[in-house]
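Below is one structure, written out as structure tokens; comments come after it.
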Amino acid sequence: MAFQGKKLINDPNDVVTEFIEGLVETYPGLQYLDGFPQVKVVLRADVSAATYNKVAIISGGGSGHEPAHAGFVGEGMLTAAICGDVFTSPPVDSILAGIRAVTGPMGCLLIVKNYTGDRLNFGLAAEQAKSEGYNIETVIVGDDCALPPPRGIAGRRGLAGTILVHKVAGAAAAAGLSLSEVAAEAKRASEIVGTMGVALSVCTLPGQVTSDRLGPGKMELGLGIHGEPGAAVADLQPVEVVVSHVLKQILSSETNYVPITRGNRVVLMINGLGATPLMELMIASGKAVPQLQLEHGLAVDRVYTGSFMTSLDMAGFSISIMKADQAILQRLDAPTRAPAWPVGVDGGHPPAKTPVPVPPSRSTKSDESLGRPLQLNQEGQILKVAIEAAANAVINIMDSLNEWDSKAGDGDCGSTMYKGAAVILEDMTNYPLNDAAETVNEIGSSIGKVMGGTSGIIYNIFCKAAYAQLKTSAGAQPDVTATKWAEALQAAIAAVSKYGGASAGYRTLLDAFIPASEVLQERLNAGDDPVTAFLLSSEASLAGAESTKHMQAQAGRSTYVSAEMLASVPDPGAMAAASWYRAAALAVKDKYQPS
């Protein structure tokens with residue numbers, strides 16, 4: 001069913017002039033001729049025909065392809081861009097006005113995309129300008145590789161490869177070459193570039209009805225930049241398959257559209273058609289480069305990814321491949337002030353992948369210190385039973401945690417905690433249990449691998465902060481005393497509060513840890529033995545977690561849940577914390593204070 005296209009515009013008849021007004025406000029290096037609405041010409045603000053001493057480069061055509069062509073006006077690229085109405089060739093008077101505004105004694109090169117209207121209007125303007133005494137040359141660009149020859153008198157369409165021709169010609173002109181030399185470089189560039197487009201949707205003209213020509217699940221191969229039908233309509237395929245098809249079409253030895261063979265150097269341009277996210281364009285680039293290298297035997301010297309010549313709001317992309325040599329690369333790399341030209345590169349780049357850096361603390365340790373000791377000392381045995389008990393406690397209450405979280409959050413607290421507990425049990429064989437600080441650090445690393453969401457990062461911060469405190473307090477005595485454990489718990493709580501923003505009474509896991517920390521410090525200061533202090537602090541932890549039923553959430557997703565709903569359940573994060581802390585305390589008691 002057809003429906004009116006949605007556009008953020010005013011009067012559909014004014015879109016081009018209003019675009020130009022916004023463009024020159026955005027880029028002070030550009031200005032336009034005061035001839036609206038008939039004359040729509042964007043030109044360099046620093047160029048005047050009376051004083052310009054280099055070859056002027058002019059291009060243009062129908063609007064709707066932004067940033068082409070006006071976005072490529074600037075020193076080192078176009079001197080002026082002639083803007084027609086949307087998808088309509090500009091009139092002769094506009095082209096003439098642009099020529100007169102910027103052409104000095106060195107002359108002017110017109111770069112024209114191969115469409116009948118553009119050829120006729122630019123051609124007539126060129127002849128008129130010549131009759132007025134201007135030195136004019138014209139280069140026609142037809143880089144389309146989608147449709148098989150012959151194409152009759154129409155020939156191949158001008159597509160995004162034209163932008164590369166603009167850059168070559170602009171750089172040649174900026175270098176001070178003569179008109180004939182600039183035209184020769186532009187013509188050569190136009191003969192060694194090929195383009196093919198793929199679309200998922202048809203564009204909608206301002207004020208017009210949206211077309212549903214393609215339908216769901218379909219894509220169009222080889223369509224033009226004005227939404228005109230292409231070579232074929234096919235089922236939507238993964239982008240890797242689409243890229244492979246397009247590259248084979250452009251590089252086909254049967255059509256021989258571009259003189260590119262194995263062993264050549266090339267430039268690649270992935271061009272968005274207007275409604276394609278940069279993510280998808282980058283995916284296409286990531287697939288195109290290795291295919292060009294491995295399947296076609298080509299060296300890819302430059303990659304340009306972005307939207308250069310669009311088709312209003314069309315979803316899809318085109319691929320352009322240009323044969324490269326040192327002369328072409330020098331022109332492409334030359335500086336330009338054109339606002340839409342991508343940042344240039346200086347040549348090849350280092351390997352795309354580099355190894356993941358190893359933390360300094362890990363790189364200085366021996367393999368033995370990182371693995372499970374052959375013999376556990378008393379500290380190692382305590383850690384082993386405490387960790388196993390804590391992890392199993394979390395696993396055992398997974399369903400309860402999920403149930404509580406379904407009322408207070410998004411229902412996955414138990415599943416998330418389960419992942420962390422399971423990986424801890426799995427990784428325990430590699431924990432250096434005789435070194436308490438390093439073991440805590442490794443637990444944090446294990447959690448960071450599998451636990452997603454807020455819980456994962458909070459527990460990772462918790463472990464890293466505790467580890468840092470244990471390392472700081474170790475000094476010359478590596479054994480971790482009960483007091484050092486209490487200090488590590490305090491440091492972990494402080495870090496979680498700092499980065500998470502919560503504190504006591506916010507209905508979070510801190511409501512389990514804070515009471516535990518306070519009681520632990522209190523009992524140790526009172527002279528209780530460490531196991532008793534640990535047990536009493538675990539009771540405080542459980543009581544604190546239970547008390548969250550009566551708290552209004554001030555952090556996390558629970559803040560969006562009504563107080564009435566929260567009053568029926570404790571905070572699942574706090575209950576998880578209290579459960580493993582209590583289980584660890586009981587396991588240590590059973591091992592060292594059996595009844």
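Using N, Cα and C of the backbone, Cβ positions are placed for all residues, glycine too.
Within the same chain, residues at least six positions away from His226 (active site, tele-hemiaminal-histidine intermediate) with a Cβ under 8 Å of its Cβ are Gly62, Gly64, Phe87, Cys203, Ser311. What TrEMBL lists as active site, tele-hemiaminal-histidine intermediate is His226.
The feature substrate binding site is assigned by TrEMBL to Gly62, Ser63, Gly64, His65, Lys113, Asp118.
According to TrEMBL, the domain 'DhaK' annotation covers 11-341. A mean pLDDT of 94 is what the model gives for the domain 'DhaK' (11-341).
Annotation comment: TrEMBL describes 381-586 as domain 'DhaL'.
Taken from TrEMBL, the feature region 'Disordered' covers 342-372.
The Cβ centroid of Gly62, Ser63, Gly64, His65, Lys113, Asp118 marks the substrate site; residues of that chain outside this set whose Cβ lies within 8 Å of it are Gly60, Gly61, Ala68, His69, Gly84, Val86, Phe87, Thr88, Ser89, Ile225, His226, given in sequence order.
Put plainly, the binding-site residues Gly62, Gly64 were compared by Cβ crowding within 10 Å, and the winner is Gly64.
Around the Cβ of Asp118 (substrate binding site), a 10 Å sphere holds 25 further Cβ atoms from the protein chains shown. The Cβ of Ser63 (substrate binding site) lies under 8 Å from the Cβ of Val15, Val16, Phe19, Lys40, Cys83, Gly84, Asp85, Val86, Phe87, Thr88, each of which sits 6+ residues away along the same chain.
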